[in-house]
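Colleague: Dropping the structure in here first, questions after.
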Amino acid sequence: MAEASERLYRVEYAKSGRASCKKCSESIPKDSLRMAIMVQSPMFDGKVPHWYHFSCFWKVGHSIRQPDVEVDGFSELRWDDQQKVKKTAEAGGVAGKGQDGSGGKSEKTLGDFAAEYAKSNRSTCKGCMEKIEKGQVRLSKKMLDPEKPQLGMIDRWYHPTCFVKNREELGFRPEYSASQLKGFSLLSAEDKEVLKKQLPGVKSEGKRKGDEVDGADEVAKKKSKKGKDKDSKLEKALKAQNDLIWNIKDELKKACSTSDLKELLIFNQQQVPSGESAILDRVADGMAFGALLPCKECSGQLVFKSDAYYCTGDVTAWTKCMVKTQTPSRKEWVTPKEFREISYLKKLKVKKQDRIFPPETSAPAPPHLPPSVTSAPTAVNSSCPADKPLSNMKILTLGKLSQSKDEAKATIEKLGGKLTGSANNASLCISTKKEVEKMGKKMEEVQAANVRVVCEDFLQDVAASTKSLQELLSAHSLSSWGAEVKVEPVEVAAPKGKSAAPSKKSKGLYKEEGVNKSEKRMKLTLKGGAAVDPDSGLEHSAHVLEKGGKVFSATLGLVDIVKGTNSYYKLQLLEDDKESRYWIFRSWGRVGTVIGSNKLEQMPSKEDAVEHFMKLYEEKTGNAWHSKNFTKYPKKFYPLEIDYGQDEEAVKKLTVKPGTKSKLPKAVQELVGMIFDVESMKKALVEYEIDLQKMPLGKLSKRQIQAAYSILSEVQQAVSQGSSDSQILDLSNRFYTLIPHDFGMKKPPLLNNADSVQAKVEMLDNLLDIEVAYSLLRGGSDDSSKDPIDVNYEKLKTDIKVVDRDSEEAEVIRKYVKNTHATTHNAYDLEVMDIFKIEREGESQRYKPFKQLHNRRLLWHGSRTTNFAGILSQGLRIAPPEAPVTGYMFGKGIYFADMVSKSANYCHTSQGDPIGLILLGEVALGNMYELKHASHISKLPKGKHSVKGLGKTTPDPSASITLEGVEVPLGTGIPSGVNDTCLLYNEYIVYDIAQVNLKYLLKLKFNFKTSLW
């Protein structure tokens, strides 16, 4: 059963007379029965109710099949009102006579379903995503756009056959028939007959006499009678219980003030909630069933919600308690002596009893969500049908493509997308490299709108590849700019407001027209200690205040997987660049979306501004601004150590196109440019769902990344020990708060298995290397006389020389590449583009003690291009102590291979980005500890210097050559004779960084054999 907070609908008695009905706009009187649909707020990370008069709610059209399961607050209603809601839901809501003139029950017109002839060929079927041709019969279900609820209900059209397929999900009940569709009477007689056959109404009838077999019907009747008697008894008990509770509430309202009720709760050691009705509910529950004892797991307060008692406490500062029970521990409810003067309390005697619950019913499939529709857009179109990967995306085409415009349009529409002629409306641009280089007026508009440009091959690959949309976008990208691709919002079924005109104030969650600046990557204006948020409108006239060495800017995060929230809160104290004027700017919302808002307040003085800033910070975090040791409190935000340092402009200078000043060989220049390519770093982070708006590239501190590693270690331990759900939930909340992720409107996934831990470890490994690369870009010399390439080259602290293609050295390496390409790695061939001889500063000196060790081999090590700035400047490193051992088959060490393709797979190239880098290192292996299966090595056995994971295939040892005492295993792969191993190929692991001396770096081209990889 869904928790109350997750239910789409809510019912209650109006707490005041302030709310207005979304259908008729009239006020809803206090204490009258009202119903709501819960919609995502465009202003903050949470849902809000859209209230209706009870009768108006049904007029706008809803399909509630089980009110006790689907409607929050149903069980708290008076018994008669519960029956009223049930009967109205069963009858399909309020409706008039059927359009064919009959007034029978089965012929009521269904207000939220319609039939008509398509007025144009512009509509798209929401079932198959194909066009509905003009003049064809089409059926609709009214649905709400969750991002723009003020637009009310919108018809979402289907082909009749697609509607029939999705009948149950759309809430078109078995007893409904085609003749109940609005507009049915306007169809031709022929089309009416076809629809009646496609959508017949099924009447519930008993068995015919001819169906009876050997008295089976009599047995069924007896069983049915017993079941009915049992249900009748339970229903009577539930009614009596409901009457008792409401009798207590009615009498308490007459006899006691709200202050009296609070006193009763405090005396019985119950928490006092906010709101008069909640206080009354708690007192009535205690009087009827006894005072609730604290939760056994966290000592929190248990509270009745629809189907059980839920704990409202917190197991830790990060996570709420998950305890839910129908049989909570209680003690006797005690009325204080001074309250016995109240006649009702004096004579009230309730027999001790347990609360009765209706039998649990599984929630029906949400009627408002067709299979191809999600509640809100995400950064990647993961929820669309497999054959419609571009669903809800607008595509712009520019330049001369191999297909004609009509062919391209047909291809895009077949994949679920729409063609657009405006850069401002586009999700994506398809063009050519030539057009990007030419940079014509249209392409300038695309760049200004920050729309990503991809090559035409993207259309072919997106139709066939099993890779995620985001990976394919990264692989086929042609532009150095481009925000994360957003799809158009899709709708969920919900009621219609009175007016269909959009509110001028409300932007909705995702703009369809124009470009929302917060949807694209922000340009941060850096002044002094931090970046001024551009949403403040003061980025060119003010700066962030710095006082006493502290920058008055804070970025806070809060993740609650249970509630599905992924929130941020930003706070800045801004000072005018010229005058003594001060502002407090704050913004809040959901990470990875444009849900949220902001506020700019001008303050009377600097002192007032500082005081207000500190007050807000403490209110949001529970900690004083100047507190040295931060303490996390439940439901409070946590500060992210995001450094919007002063060196952003320096990075831009160093990443501009190199001039002619560099004396480095062309191949080395290209290599350095590749290693320090900021766009590649961004792409890598986008693949990991890192939010580049809340956590710009290179801004998360190393300390925070290490803290995230520690959490993953705890997750690994919790998973392996089978820890409680609460502990897993707590660790997941902590991790996602520390490392902001962009999940769009999806709930953050739990980190509850080894695979998810391994994926996040890999993400943090890359984050650390990218942090190193970005730190190198920002730091060091600011010598404007040097070419940017030379400046970056010096930061690598590595001597890089190009190896002559015709040399014997190059021939040996090319042979090593050719011979050791494994037969199972057959998706690509490797082409050696350049070979570089490398010597890292200080590495040969560090390696010197191991130079005399026997068994030294030249082995492969592959990694992402984005990691090479860190590798060359700091060497190959072992995972930090904080990192979990999961993902490292033989523990934390440096891994090598003797088969080139085994290492090449770690380069993470793709057809759209086929160039990778791979290393050859001299590795001092000495005595090897040979293993056939995973073993988390923390310390090698005595006398061993390394680990060898034995593979089933090995380079032919007879073909190995020795160069300067180092074995080069360049033979072709042959069976090793080791069969009972879990490895296909050998792995070599050393646990001391000094045992590695990097010798060569190869630039490889991965020639993929087919686009269907």
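Glycine too: its Cβ is placed from the backbone N, Cα and C atoms.
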Colleague: Which range, 249-275, 357-383, 843-869, does Swiss-Prot list as region 'Disordered'?
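Modeller: From Swiss-Prot, the annotated region 'Disordered' range turns out to be 357-383.
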Colleague: Of 32-74, 290-332, 677-719, 892-934, which range does Swiss-Prot call region 'Zinc ribbon'?
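Modeller: So the range that Swiss-Prot calls region 'Zinc ribbon' is 290-332.
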Colleague: Per Swiss-Prot, which of 495-516, 935-956 is region 'Disordered'?
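Modeller: Per Swiss-Prot, the stretch marked region 'Disordered' is 495-516.
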Colleague: Mean pLDDT over the motif 'Nuclear localization signal' (221-226): what is the value?
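Modeller: The predicted confidence over the motif 'Nuclear localization signal' (221-226), as a mean pLDDT, is 59.
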Colleague: Long-range same-chain neighbours of Lys249 (SUMO2 cross-link), Cβ under 8 Å, sequence gap at least 6?
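Modeller: Correct list: Leu280, Asp281, Ala284.
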Colleague: Among all chains shown, work out which of the recorded sites Lys192, Lys747 has the most CB atoms within 10 A of its CB.
Modeller: Lys192
Colleague: Do you know the DSSP helix, strand and coil residue counts for the domain 'PARP alpha-helical' (661-778)?
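Modeller: Across the domain 'PARP alpha-helical' (661-778), the residues distribute as 78 helix, 3 strand, 37 coil.
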